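> Structure incoming, see below.
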Amino acid sequence: MRYCGLFLVLGLVAAMGISRAADLPPRESYQRPADIPSPPSNPLTIEKVTLGKTLFFDPRLSRDGAMSCATCHSPNMRWSDGRVLPLKADGVPNARRTPTVLNSAWLNALMWDGRAASLEAQAVLPITTAHEMNFEMPLLLDRLKEVAGYQPLFTQAFGDAEITPKRVTQALASFQRTLVSKTAPFDRWVAGDENAISENAKRGFALFEGKANCVSCHKSWRFTEDAFHDIGLESLDPGRGAKVPSQLVLMQHAFKTPSLRDLPKNGPFMHDGSMHSLEEVIKHYEQGGVQRESLSQEMKPFELSDVERAYLIDFIHTLDGGPLDMEFPNLPE
Amino acid sequence: MIKTGSESVHFRIPVNDERQVSAQPGTGWMMRWQTWLLVLVAGFIFSASSMAWSAEVHRMELTHHDFEPWDFVPKPGDRIDIHNHSDIVHAVYVTYPDGTIVNLTETAAQLPNTTVSWTVPADAEDGDEYVFRCWIHTVIRADMKVQVPASQ
Ligand SMILES: [Cu+2]
Ligand SMILES: [Cu+2]
């Protein structure tokens, strides 16, 4: 780990009694980044973001004109849909809950099974997936070309009014990159404000890093590194196991670790939407999950008292910065 | 053929010399001097005939979420040992320039404190890039550019 040296120094300082926060884990590894990353092939510009935002909220991106990206990734639902399974998922085998698109600028693997590698590559999938927007790119382009109001938006973003699949996906990706969690109480504590979070939440943080060992998977300021694990849910969905060579036992039933920032209050949580409270989630980890060959080696049962469990929940609540202030775009005619 | 992400790749089970787990205890045949003599002679003939340089062993360290910086340039025939010094499991694979994927462990589990190895193919060409990644932690990545030494 890059911070190993830092940890060591901090550890020594703490051991010498210079720091009073000796029993709390170091905060440096949770520092928020200063900038939003974007690939050299699609640098972030205000004009692309504006276009992307319009496209994101435009239901004309779906065949029947009834569904936009925001139908499932809604600003009012923490950029998800609040549903166990998305609209139209009935009868779809291994359908999965809609994840948030918050902080997606930092994702290094997309979708629950990691099948997309970038926001640009991902954006085509919902448009063309039968049980989502169920459209075809050429038809979508034709439809957008008929909307006069899109032409200035494309011109401002890309220099001319040509509408191509690449431009559509670059704009959608650009807008999504700007969806970043607001500063949460935990961030203020990381920045040095001792009173930003309660003493109970600090105890919860110590459990998160200590006995409960959530940190072995929920790491960094986003509380994930997008790694894939089988945490022993009942779901039979093979997850990443269907995308990688079958000999990779540990990837069977493995799903991408979600961020713990800005979680919806009562879920639904997990790829199958099977849990509805943080208490239920934590009890699952305590119990250790379904024992099978693919179960993550980092899943080790442990025991918390009711009070400790409440501390841990208090801590997770400090990762909530509240909803983003979002003005809905005017859709062009 | 398997699919990862959007591109399709060929999948090959690693052969023995590509997957060497250091935790294996010494076995009888390794102890016998005849074997060593044979290895020595064979190695001599091999190096004299095909390569004008001798293969080296390089070491890389895997942490929780990255390879520690490394400063060697691999040559064809070199072995790269990858040691997992973190307390979590990794599953490193190598993507060849032609898209072939080689796993460095059979079950995708490199336990903490173990070493896996990979040998640069003898027919690797100058500038060929081999990419090391982890199936579990997609953030982990190392691009290995092979350099063929100028012949003396
Ligand atoms: Cu480390
Ligand atoms: Cu790994």
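Each residue, glycine too, has its Cβ placed from N, Cα and C.
From TrEMBL, for reference:
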{"type": "SIGNAL", "residues": "A:1-21", "note": "signal peptide"}
{"type": "DOMAIN", "residues": "A:47-155", "note": "domain 'Cytochrome c'"}
{"type": "BINDING", "residues": "A:Cys69, A:Cys72, A:His73", "note": "heme c 1 binding site"}
{"type": "DOMAIN", "residues": "A:199-320", "note": "domain 'Cytochrome c'"}
{"type": "BINDING", "residues": "A:Cys214, A:Cys217, A:His218", "note": "heme c 2 binding site"}
> Around the recorded heme c 1 site, report the further residues of that chain (criterion: Cβ within 8 Å of the mean position of the Cβ atoms of A:Cys69, A:Cys72, A:His73; site residues excluded), sequence-ordered.
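Residues close to the heme c 1 site, other than A:Cys69, A:Cys72, A:His73: A:Phe56, A:Ser68, A:Ala70, A:Thr71, A:Ser74, A:Trp79, A:Asp81, A:Thr98, A:Val101, A:Pro126.
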> With A:His73 (heme c 1 binding site) as the reference Cα, tell me which of the binding-site residues A:Cys214, A:Cys217, A:His218 is the closest one.
A:His218
> Inside 8 A of the center formed by the CB atoms of A:Cys214, A:Cys217, A:His218, which other residues of the chain have their CB, for the recorded heme c 2 site?
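Apart from the listed residues, the neighbours are A:Phe208, A:Asn213, A:Val215, A:Ser216, A:Lys219, A:Phe223, A:Thr224, A:Thr257, A:Leu260.
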> So what pLDDT does the domain 'Cytochrome c' (A:199-320) average out to?
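Looking only at the domain 'Cytochrome c' (A:199-320), pLDDT averages out to 95.
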> Rank the binding-site residues A:Cys69, A:Cys72, A:Cys214, A:Cys217 by the number of other Cβ atoms within 10 Å of each Cβ and report the first-ranked residue.
A:Cys69
> Which residues does A:His218 (heme c 2 binding site) neighbour through Cβ under 8 Å, counting only same-chain ones at least six apart?
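Listed in sequence order: A:Phe208, A:Thr224, A:Thr257, A:Ser259, A:Leu260.
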> For A:His73 (heme c 1 binding site), just count the other CB atoms lying within 10 A of its CB, please.
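Taking every protein chain into account, the count is 23.
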> Do you know offhand how many angstrom separate A:Cys217 (heme c 2 binding site) and A:Cys72 (heme c 1 binding site) by C-alpha?
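The Cα atom of A:Cys217 (heme c 2 binding site) is 26 Å away from the Cα atom of A:Cys72 (heme c 1 binding site).
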> What does the structure give for the C-alpha distance between A:Cys214 (heme c 2 binding site) and A:Cys72 (heme c 1 binding site)? Integer Å is fine.
28
